[in-house]
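Encoded as structure tokens, the structure appears first; notes follow it.
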Amino acid sequence: MTKLSVNINKVATLRNARGGNVPNVVKVALDCESFGADGITVHPRPDERHIRRSDVYDLRPLLRTEFNIEGYPSPEFIDLVLKVKPHQVTLVPDDPSQITSNSGWDTKVNFDFLTEVLDEFNGAGIRTSVFVAPDAEMIEYAAKAGADRVELYTEPYATAYPKDPAAAVAPFVEAAKAARRLGIGLNAGHDLSLLNLNYFYKNIPWLDEVSIGHALISDALYLGLERTIQEYKNCLR
């Protein structure tokens, strides 16, 4: 079964726009779990423009499903993850100033750095995932570096899907097959939505997890959070 992890960064963005604690990030996360989410994802950035370090500490003891923390492995991020000990850490190559993730790691160029970071997290018993493009070589070096999983960067799929779904998904199917041959787990995320998720899943049914935030929270404005989560879960069947 492919798990749905809900990224709640956009909820924190809304809270921070006004100040105060509305919406309550922790309550929304717990409600997502109650409505069927299999996990919660957060991406704390150094400027805390959405998720704050305090949110991460508040969430950890209360969540009943898997907790995934994603981010660039700066010393501060590594320290946070080792203290919180989530179920999974996802390493992304973001510059702190980026609005959102827009590329995967070059795992060959960054092999030594990633190996060192992954070794630290693996030693703490935290499942590790590395954000990569759908490229067999990048997946191979992620596996060699010690990653338990890779997360495929799916924005190119989402962009190409409306014009030619088969062509859009083809490189991801090949990448997924490469991951399976290497014995490494497979996650996916970025711009997956109700429009394109089911087709992606049908072509790669051995996906372990998808992480979805922006589209899901946007859909919830119209459909409500509970119905939206169920709609996304239905796309993974």
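Glycine is treated like the rest: Cβ placed from N, Cα and C.
A quick note: this is a predicted structure, and the numbers were derived from the prediction, not measured.
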Study note, to complete from the structure: For the 3-amino-2-oxopropyl phosphate site that Swiss-Prot gives as Asn7, Arg18, Gly213, His214, the extra residue out of Asp38, Asp47, Asp191 is Asp191
Point to revise | Fewest other C-beta atoms within 10 angstroms, as judged across Glu151, Asp191, which are the recorded positions | key: Asp191
**Study point:** Distance from Glu70 (active site, proton acceptor) back to Gly213 (3-amino-2-oxopropyl phosphate binding site), taken between C-alpha atoms, in Å
**Key:** 13
Revision key, fill the gap. Quick note, His43 (active site, proton acceptor) and Arg18 (3-amino-2-oxopropyl phosphate binding site): C-alpha atoms separated, nearest Å, by 20
